[in-house]
Amino acid sequence: MGLLTFKGGIHPDDGKELSKNKPIKDILPKGDMVFPLSQHIGAPAVPLVGKGDYVFAGQKIAEAGGFVSANIHSSVSGTVKAVEPRITVSGVKVNSIVIENDHEYKEADSAYSVDMEKLSKEEIRNRIKEAGIVGMGGAGFPTHVKLSPKEDDKIDFVIINCAECEPYLTSDYRRMMEEPEKIIGGLEIILRLFPNAKGVLGIEDNKPDCIKILSELVKGNGKIEVKSLKTKYPQGAERQLIYATTGRSINSSMLPADAGCVVNNADTVVAVYRAVAEGKPLNERIVTVTGNAIKDPMNFRVKTGMNYSELIEAAGGFKEKPAKLISGGPMMGVALFNLDIPITKTSSALLCLTEDEVAESKPSPCINCGRCVSVCPGRVLPTRLASCAERHDSEAFLKLHGMECCECGCCSYVCPAKIQLAQSIKSMRRMILDSRKKK
Ligand code: SF4
Ligand code: SF4
């Protein structure tokens with residue numbers, strides 16, 4: 001039998017060798033801490049503290065501002081300096097709580113008992129909600145909402161995305177190597193919510209060591225299975241992962257739950273474990289700092305709210321001037337123009353690329369080679385969609401199934417004419433989604 005996969009996709013240079021063998025290193029912040037009130041999909045959180053208040057590490061400092069929203073917790077002890085707009089990864093200012101770190105890391109009292117075996121489904125969901133957990137793979141969708149489908153018993157698969165298919169990123173790899181039991185522990189907690197579900201860990205076959213470790217851990221566990229996936233980008237995209245691991249298909253108007261699936265990434269599942277078993281909120285994460293412009297690529301365990309620029313210092317600084325800085329991976333990450341921004345729950349990596357790695361060139365006219373169509377995992381026509389986007393023709397864009405694009409960037413990557421197809425399509429999709437939200 002061939003390896004599990006999906007149709008389309010690409011095989012970019014993965015660049016993972018720079019940091020994959022660097023064990024997770026804990027680092028502490030130096031400067032002020034900044035906690036944007038909007039670092040998740042949904043309504044911004046509402047501040048619970050004001051200027052002059054003393055806060056403890058782990059204290060809830062902002063409360064979910066709606067059903068689809070998430071609590072925010074401080075990662076340090078110290079004094080609130082301000083609640084004011086600060087620049088974030090997206091380049092826009094977001095209202096944020098600024099805390100002067102006293103470097104004592106005095107912990108807030110935890111009201112949790114550790115006897116998790118007795119917890120009801122409702123209590124498990126409440127702990128996840130209280131801990132402010134959101135999808136840490138980049139999307140930032142509140143996890144307690146994702147884990148509350150209409151009917152629990154219609155969920156057949158809880159899929160854990162351990163693919164880490166984005167080039168350069170190694171934070172999930174290190175998690176799997178160093179804390180595999182927490183991934184399994186988190187998955188077992190989630191499985192308690194869905195009585196008919198099986199757990200599936202989807203791992204690309206370029207990580208045989210992770211496949212081995214996790215397979216050994218679940219040996220004899222009839223409810224959890226490790227599935228080896230073909231190494232191909234974007235193997236970890238939600239729709240592609242569901243298809244590869246279960247053979248089920250969903251489209252843009254369906255939720256994974258409509259196909260009997262719930263999908264979470266490896267880091268999010270560890271956050272679930274920490275919240276439910278240890279009573280810890282989501283206020284730290286693993287961040288890969290890598291790229292050929294950085295002296296000592298690393299995987300750091302960092303506190304949320306810490307400044308991105310401190311990551312560069314911790315990784316030995318630049319060995320040459322970076323041509324491009326990206327938050328996240330090279331395919332779906334966000335280009336940064338300023339490093340004076342805070343690390344949030346969804347910051348997976350800081351990529352510092354050299355001129356050679358960026359290799360930018362000017363777009364030229366389309367030569368109708370068809371490569372963009374052949375790699376598109378959304379099975380749409382990137383050229384025609386990009387042309388609709390340029391004309392702002394949303395009607396034609398929708399007729400051509402533009403919303404089935406998963407914004408993976410494969411089309412732009414293979415285009416010999418260097419046309420930024422994905423960028424145009426993405427802008428059009430965002431515009432349509434925004435106008436739907438307003439309606
Ligand atoms: S059109 Fe969308 S789904 Fe298809 S390759 Fe381009 S970015 Fe990916
Ligand atoms: S890959 Fe580029 S050049 Fe080829 S058909 Fe698509 S847009 Fe045109």
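Quick reminder: no glycine exception, Cβ is built from N, Cα and C everywhere.
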Further binder of [4Fe-4S] cluster 1 named by TrEMBL next to C366, C369, C372, taken from the candidates C405, C406, C408, C415: C415
Of the candidates C352, C376, the one that TrEMBL places in the [4Fe-4S] cluster 2 site of C405, C408, C411: C376
Most crowded position, judged by CB atoms within 10 A, among C366, C369, C408 as binding-site residues: C408
Spatial neighbours of C376 ([4Fe-4S] cluster 2 binding site) that are distant in sequence (at least 6 apart) but have CB under 8 A: G8, P382, C405, C410, C411
In three-state DSSP terms, the structure that C411 ([4Fe-4S] cluster 2 binding site) belongs to: helix
Densest Cβ neighbourhood among C372, C411 (binding-site residues), 10 Å radius: C411
For C369 ([4Fe-4S] cluster 1 binding site), the three-state class that DSSP assigns: coil
Number of other Cβ atoms within 10 Å of the Cβ of C415 ([4Fe-4S] cluster 1 binding site) across all protein chains: 23
